[in-house]
Amino acid sequence: MALVLVLIFSYLIGISKGQLRVGFYAETCPEAESVVSAVVRDALQSNPNTAAVLLRLHFHDCFVQGCDGSILIEDGPGAERHAFGHQGVGGFEVIERAKEQLETVCRGVVSCSDIVALAAREAVALASGPFYQVPTGRRDGRVSNISQAGDMPDVSDSIQQLKAKFLNKGLSEKDLVVLSAAHTIGTTACFFMTQRLYKFPPGGGSDPTINLEFLPELKAKCPQNGDVNVRLPIDRGSERIFDNQILRNIRDGFAVLQSDARLYEDQATKNVIDSYFGFLSPIFGPFFETDFVESIVRMGHIGVKTGSRGEIRRVCNAFN
Ligand code: HEM
Ligand SMILES: *[C@@H]1O[C@H](CO)[C@@H](O)[C@H](O)[C@H]1NC(C)=O
């Protein structure tokens with residue numbers, strides 16, 4: 001009896017808080033999730049790196065103004081998506097294609113921000129990562145402002161800054177590690193490597209935490225004064241497969257991104273990384289995939305607009 005009351009009560013709280021829920025479109029647009037899946041699968045066939053691009057898009061959407069599709073708006077040079085912190089973000093055309101198809105099957109029902117979250121889920125699964133349930137019901141924001149992307153973490157942030165930026169969004173040190181491990185797929189432009197390889201503070205030169213076997217390899221790919229648009233895998237040796245190799249690489253000095261390397265210098269975040277490689281971890285856990293699902297679902301709740309807030313856009317790159 002007590003349990004039933006607790007369940008009813010938490011359900012009511014859920015409604016009053018306008019929370020997201022799994023299967024939000026089950027009645028209003030049963031095709032919602034399968035349409036997004038199909039569009040993402042199709043996009044991946046022509047470009048396998050689309051999985052990484054879509055996963056990153058979800059992160060960048062959530063960290064500015066909440067997961068509300070604000071990054072999708074294209075209304076001139078003052079649009080949020082042009083912020084420095086969003087450098088290299090893409091996947092917009094995939095989201096737009098899914099939206100177009102959804103508008104033909106259930107007009108005005110599925111939000112662009114939910115499409116972004118669902119596309120990220122599909123991307124992870126197609127990269128051989130875990131498949132998980134995505135709570136939906138986000139509504140799209142009405143603000144897109146280039147000067148409001150200051151919350152984005154930067155590759156050159158200190159570990160304290162990274163932790164603070166995550167904490168600010170309700171995400172823990174563990175979330176920081178587990179979500180950074182999204183770098184298990186995808187690539188970076190040499191643009192983001194310059195400081196780490198040639199101008200590492202305080203004295204210049206390269207980041208001393210880079211494994212000495214790896215340093216010449218990185219420098220060869222991103223030579224000083226070379227083309228900053230050249231791209232290299234972030235997870236050395238495993239860029240297409242979603243797995244915990246990235247954490248192993250970080251531990252062993254094979255991190256590519258400066259921010260990833262910082263995760264092994266702080267006691268709390270180092271402990272999280274090491275927890276996945278304990279002697280008995282393969283049997284008793286913790287399991288990276290399980291923890292990632294928990295963290296990305298949490299990230300997907302940042303600043304969401306539900307109920308009567310926001311809107312359901314007709315196209316994803318413009319307000320109604
Ligand atoms: C902790 C702070 C983070 C920093 C400083 C950071 C920084 C970066 C940078 C500089 C790149 C390369 C971008 C490019 O050259 O196009 C990148 C790529 C990527 N990031 Fe992060 N990131 C962070 C966290 C995250 C999180 C939380 C996720 C997702 C959950 C994520 C997902 C990705 C993915 C999948 C790519 C590869 C994109 C591609 O291949 O085009 N990152 N990140
Ligand atoms: C964008 O944000 C800045 C800083 O918060 C603010 O001063 C400015 O008025 C905003 N611009 C628009 C168009 O809302």
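We number each residue from 1, going along the chain as drawn.
Note: Cβ is positioned from N, Cα and C throughout, glycine not excepted.
Whatever TrEMBL says is automated annotation, not expert-curated.
Around the Cβ of His60 (active site, proton acceptor), 22 further Cβ atoms fall within 10 Å across all displayed protein chains. Under the heading active site, proton acceptor, TrEMBL lists His60.
If you look up TrEMBL, you'll see Asp61, Val64, Gly66, Asp68, Ser70, Glu80 marked as Ca(2+) 1 binding site. Glu80 (Ca(2+) 1 binding site) has a Cβ environment of 25 other Cβ atoms inside 10 Å.
In three-state terms derived from DSSP, Pro153 (substrate binding site) belongs to neither a helical nor a strand segment and is classed as coil. Here TrEMBL flags Pro153 as substrate binding site.
According to DSSP, His183 (heme b binding site) sits within a helical segment. Annotation source TrEMBL lists heme b binding site at His183.
Within 10 Å of the C-beta of Asp235 (Ca(2+) 2 binding site) we count 30 further C-beta atoms, all protein chains included. DSSP classifies Asp235 (Ca(2+) 2 binding site) as coil under the three-state reduction. According to TrEMBL, the feature Ca(2+) 2 binding site maps to Thr184, Asp235, Asp243.
If you draw a 10 Å sphere around the CB of Cys29 (disulfide bond), it holds 17 other CB atoms from the protein chains shown. What TrEMBL lists as disulfide bond is Cys29-Cys106 (among others).
Every protein chain shown contributes to the tally, and the Cβ of Cys67 (disulfide bond) ends up with 28 other Cβ atoms within 10 Å. DSSP classifies Cys67 (disulfide bond) as coil under the three-state reduction. The disulfide bond annotation in TrEMBL covers Cys62-Cys67 (among others).
The disulfide bond feature in TrEMBL is assigned to Cys112-Cys316 (among others). Under DSSP, Cys316 (disulfide bond) is assigned to coil, being neither helix nor strand in the three-state scheme.
Neighbour count (other Cβ atoms within 10 Å of the Cβ, all protein chains): 19 for Cys190 (disulfide bond). Residues annotated as disulfide bond in TrEMBL: Cys190-Cys222 (among others).
The domain 'Plant heme peroxidase family profile' annotation in TrEMBL covers 19-320.
Residues or ranges marked as signal peptide by TrEMBL: 1-18.
The feature site 'Transition state stabilizer' is assigned by TrEMBL to Arg56. Neighbour density for Arg56 (site 'Transition state stabilizer'): within 10 A of its CB lie 21 other CB atoms from the protein chains shown.
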Least surrounded among the binding-site residues, given as Asp61, Asp68, Asp243, when other CB atoms within 10 Å are counted: Asp243
Neighbourhood of Pro153 (substrate binding site), C-beta criterion under 8 angstroms, separation at least six: Phe63, Gln161, Leu162, Lys165, Phe166, Ser259
Residue among recorded positions Cys29, Arg56, His183, Cys316 with Cα closest to the Cα of Val64 (Ca(2+) 1 binding site): Arg56
Inter-residue C-alpha distance, Asp61 (Ca(2+) 1 binding site) and Cys29 (disulfide bond) (nearest angstrom): 23
Pairwise Cα distance for Cys62 (disulfide bond)/Glu80 (Ca(2+) 1 binding site) [Å, integer]: 13
Candidates near ligand 1 among the recorded positions Cys29, Arg56, Asp61, Glu80, Pro153, judged by a Cβ under 6 angstroms: Arg56, Pro153
Of the recorded positions listed as Arg56, Gly66, Asp68, Cys106, Cys316, the one whose CA lies nearest the CA of His183 (heme b binding site): Arg56
